[in-house]
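Annotated features, as they stand in TrEMBL:
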type: TRANSMEM; residues: 113-133; note: transmembrane segment
type: TRANSMEM; residues: 139-159; note: transmembrane segment
type: TRANSMEM; residues: 171-191; note: transmembrane segment
type: TRANSMEM; residues: 203-222; note: transmembrane segment
type: DOMAIN; residues: 308-387; note: domain 'P-type ATPase A'
type: TRANSMEM; residues: 407-435; note: transmembrane segment
type: TRANSMEM; residues: 441-464; note: transmembrane segment
type: TRANSMEM; residues: 756-775; note: transmembrane segment
type: TRANSMEM; residues: 781-799; note: transmembrane segment
type: TRANSMEM; residues: 820-845; note: transmembrane segment
type: TRANSMEM; residues: 851-884; note: transmembrane segment
Amino acid sequence: MKKKIIFQDSFLVSGIMCPENCGSTIETLLHSCIDECIETKLLPADAKLIIYSEPSVLGTHYYTITIQSEADNFFKADNFHTILSAKIKEDIAFEVIDNPKEQQNNLHNKTNWINILINLIALGAVTTLALIFPPSILLTVGLTAFSFLTTAFTARDYLINFFRNLRTKNVVNMSTTISLGWFLSLAHTLFHSISMPLASSFSMIFMNFMMPIMLITCINGMDELKRLIFEKSKKIQLKGIKTLFPQMAEKYRCYQLSEMDELALQSHMNVILNQQSQIVSEAVPLNEGDDDKASFIQKILTTAETREEQKKLLTKGMIIEVKPGECFPVDCILIQGNTIIDASLLTGEPQQSKQLWQNIPAGAVNLGQAVTVYATKAAYNSTVNNLLLRANRARNTSTPAAVPQFAYLYTALIIIGLIGAIVTPAAFGLLPFILPNVIGFLFSLCPCTITIAHQLPSLLSIFYRSKKGIHLRDESLLSTQSDEIHTIVFDKTGTLTTGNSVVESSDIPINSPLWQRIYLLEKAYGREHPLAKAIKKHYEVNATGQVLFDEIKDCKIDEKNRGFTARVQEKVIQIGSAAYLKNNNILLPEINNSKIEQGFSAVYVAEDGVYKGVIYIKHEVRKGIVEALARLKSEGKKIIMLTGDNYLSAIGFNKQINSVFAEEDIHAGQTPKDKELFLTNLINTPGINPKGVCFVGDGLNDAPCCRVAPLSCAMESSDKTAFFTDICLNGSLDYLFKHNQLNRSLKQNIAQNQGILIYSTLAFLAFIISFSIAGIAVSPLIPMGIMLSTTLFVLFNSYRTQLVIDNTLDDAVSWPKKLLGSNLSIGLLLGASTLLICSVLAATIATGGLALPMIAFTTAVAAFSSVCTLSAIGLLSTFAILFATSLLSEQGHSVTNDEPSLTSKEDLSAQALITDRPVISEELNHRSFIFDKCVKNNINQRPDIAEEIVSNGFVV
């Protein structure tokens, strides 16, 4: 009887990352929940639970719970779905997020741009109205209402959150700061609108109506920058299983068996599984009785109907058809046909040939013909899902940060300033000055600028690092690494090498028939293996002859992946390692190890049982890696290499890179599980700081190591391991030397912004005290000028974050840009500002009114004021020349610079970076021809080493 889906629900489960057994823990809890529901008659007695999960965002998985039943007499209770869904969520011992679609629906958000556009239109409208209409009370009221209704709308999210947070007394956040800035600006405008209802000067229009809009525009710009950073960060965040395995189909064709056939098949498969376990322990051959098993399965499949099933409903015991180019959705056994698979993403191993009764891990890609498999595990318990449950780690939950010293200092300064604004005029009997002083002082503080000063440098730092191809997992990595890195562990293939290899030399003539046979064999079976790719490319580039016919038959791949044998053009070709040829009774001459000791890989060739020659292949080392490793070593860092290659190959590669790794620090023959265990033991070694260990990898098989390591890096954002690492590099290790340097510069930049805020507060306090002594009211232009200059200084100083990143990460930078990015530029601005303040104070006290003399040496005070003014003009001119020169030099540099961009890959989306292999019809026909010709009876091998790697390395 056909099973019906009686319940299905999806939700996000957060904080699911754990070292071991995380998936099975949730599975056990869910099964217990379903058993309770059966006991309480909420579900029928035959209810079958199917669990499926995919990675979502950091430390979060998207769970789909499906319950099937064959019962016809089951009637759902009232609110059945609601009750059962609540029960399931209650019984899961992890945080459940109820609205997964809402969590992920943040794409193409144009809200910030709309807010910015509204603000710009409002600025234009205010300017136009002020120019067209004469000063009047109606104009002042209209501009006041228009300005603050506009900013209330464009800053609505902050204002709403502020009032919400008041209920929970959660006021230490950005919403509070921006809301206070909005209210202070409103109070300042209302005060001046009441005291001077006719806004007759442009300065009053600008200060009261335009400046608040400009500040909120800056805040909206910061929000848009945050959104862009979030969008870029999605490129290194998982968005479902297809992010990692784009070849994974949504539906697979499955055979629908009768209950009798299902039991008979299960009995046969149990025999096969038992024999497989004996093979691993006792080396028992599996091909005994192959024909009987194959004919039995063929008989079952002939009479069975087929139906497409969603991949999330695939369970143990199902018979599934996998087409060419598709991923295997579950761990399975091949029961019909034979094929070639690519499981390199999981194991790091090259593709393997698969015959009847051999295991295939979930996530492997079918490179051959369509095959039929028997699911040995459900999709939830598959190799891939177990790996992802262990590797998709959540953000580290940090303890609440202590209140920074700046907060105490700045609060104290505000209190002192308010006291000074009240006490100083009162001491001199100038009571009418008190209210304007207080309003002006509060206006000059500008909480919005405080927010910009602290958040904008960090946002720019993350954004422009990503523009250079450096992606940080989250903002916590912007803090300077307090625990110095002392040990860096490297995966070899794809990390230290590029994966590209070239033929260095060969004693076999390139145009000989033998080379053609080698080429045909590697083209048919070598596929994406680096050595095979090098041989194919070498022949295609250098050979001049044409391939007359490409008959290949009797193919047999070595069970240890050391080589293979096949009949090519009626000649028996054996190609592989020296050990493989010797094992096949090929007599080899004395091997010359000189090139092997240089790091070359040797591929030996025999024809019709006679040794014919050797091909030496050189592995391409990643550009700049040797210098970077040498520098790390010279700085006292311990560097360790982990590789799945054999020991001799690893030692040879080390010699190729000038033996930079100590021999005791080369660990070869490592499975993914071995690498994870090695890192765990290293971190727990007594006497070393575990936070000083860093891991650098590139493949999905490195993901468990990235989870274990305190700091992990992927070489490029296109690497599959990038989804699990803290830092994605741009293909070079150079950034590792500059990470802390950039973080220190960022910390200094924020401290400088804090200094600018303190400086502006002290400046206005100096005006209040000085003007009160002289008996002069503080002009409204003073707080406006201070607030405007403070905002501009903070914006420019934050912009220097980009310049610092460019100067640090780029090799060719013009000297004007270096100077503009240095502390000299902000020093020029602050110096000029200080001189102008001194000039205004001196001239005002001397003349009894607000003044700024340019050249007046009639008195000492006037002379001092003039010198300060001229000096300030000189500093500003120097800054302007430096800024203009920097812009001009950058334009010239961009025109002449022919270097490829560091971010050429970065601009691609994660989906574009992970592409399907094209499968053309000629290639499929060729493979079909090969499989039809292969002799199946001579295959007598145990499950290959790659399968053991999978079974040993990814079982939760």
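Even glycines carry a Cβ here, placed using N, Cα and C.
Heads up, TrEMBL stuff is auto-annotated, nobody curated it.
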Stretch-level contact, the transmembrane segment (407-435) and the transmembrane segment (113-133), CB cutoff 8 A, at least 3 pairs:
no
What same-chain residues lie close to the transmembrane segment (203-222): Cβ under 8 Å, and 6 or more beyond its ends?
112, 115-116, 119-120, 122-123, 126-127, 130, 143-144, 146-148, 150-151, 154-155, 158, 178, 181-182, 185-186, 188-189, 192-193, 196, 446, 448-449, 451-452, 455-456, 459, 780-781, 783-784, 787-788, 791, 795
Are the transmembrane segment (820-845) and the transmembrane segment (441-464) close enough that 3 or more Cβ pairs fall under 8 Å, when only pairs 6 or more apart in sequence count?
no
Reported in the order helix, strand, coil, what are the DSSP residue counts of the domain 'P-type ATPase A' (308-387)?
15 helix, 29 strand, 36 coil
Same-chain Cβ contacts of the transmembrane segment (171-191) under 8 Å, 6 or more residues past its ends?
144, 147-148, 151-152, 155, 157-159, 161-162, 165, 207-209, 211-212, 215-216, 219, 435-436, 439-440, 442-443, 445-451, 455
Quick test of the contact rule: Cβ under 8 Å, at least six residues beyond the ends. What residues does that give for the transmembrane segment (756-775)?
409-410, 413-414, 416-417, 420-421, 424-425, 427-428, 430, 433, 437, 440-441, 444-445, 449-450, 453, 782-783, 786-787, 789-790, 793-794, 797, 830, 833, 837, 841, 844-845, 848
Would you report the average pLDDT that the model assigns to the domain 'P-type ATPase A' (308-387)?
86
